[in-house]
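Below you'll find the structure, written out as structure tokens, and then a few comments.
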Amino acid sequence: LAKHPEIKALMKPDYNLIWVVVLMVLAQLTAFYLVKDLDWKWVVFWAYVFGSCISHSMTLAIHEISHNSAFGNCKAMWNRWFGIFANLPLGLPYSISFKRYHMDHHRYLGGDGIDVDIPTNFEGWFFCTRFRKFIWIVLQPFFYAIRPLCINPKPISRLEIINLLAQLTFDVAIYYLWGVKSIFYMLAGSVLGLGLHPISGHFIAEHYMFLKGHETYSYYGPLNLLTFNVGYHNEHHDFPNIPGKSLPLVKKIAAEYYDNLPQYNSWIKVLYDFVMDDTISPYSRMKRQLKGEVKQD
């Protein structure tokens, strides 16, 4: 910032995010209606080909919203309510809890017992062979759901209860209107999109140490178009209050800080290398013993 003070001008809400999220919710509602009378094989097909992409993209929209990128920091609660709305087509309550834990990830990156992005000791011990690492990738949604309860359980908040009730109401309404195939499409798309899916390469690409001494990596490939530029991950951790839309400008302005860092151009290759490289496993993360006062969300 001392060298490039113009970066401060990028620290503002991305109001286009609001309309993109609304269109994504409408797209999924349309899909729920269209799949209700399809054969099951086509429900599964469209859940993976289309629904999974929208669902995973929506989780990254929720990531943006968790940083108050939709309405700005001065309207934090507007962002929380909007996150609950964005959560609806995923089928499972996620937005409010994600926000609470994700702020810890930014404040205490790699913090032992705090940052639930770090796999558990069991994951590192058990998923150590190529086949088991492949299974670990398939089951990533499961581990991301239960890991907070094992590593850093938090009291349930009022907003989390509201998130749960809103989601249950929505799910019941979809089942009542369009039946079990629409519900299956919704849930299957979320699970498949966060598991064995090209976009899921970002889970591993972001912080797994393929190179010693480098714990955060950026990805500059085309899937950033579907993921609100979450691939610009060094840039995001340097400036978490800059919306994803503006992160390419951060890289352009401060190119001397980012161009020479290790980077990826393919999340699919990241997944392949993670499975096939015997030196990489869920243990390949930087873990820190935190000192001093820890303030959690």
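For all residues, glycine too, the Cβ spot is worked out from N, Cα and C.
Database features (TrEMBL):
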type     : residues : note
TRANSMEM : 17-35    : transmembrane segment
DOMAIN   : 41-263   : domain 'Fatty acid desaturase'
TRANSMEM : 42-61    : transmembrane segment
TRANSMEM : 81-98    : transmembrane segment
TRANSMEM : 161-178  : transmembrane segment
TRANSMEM : 184-205  : transmembrane segment
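Proximity of the transmembrane segment (42-61) to the transmembrane segment (184-205) is established through 3 or more Cβ-Cβ distances under 8 Å for residue pairs spaced 6 or more apart.
In the predicted structure, the domain 'Fatty acid desaturase' (41-263) carries a mean pLDDT of 95.
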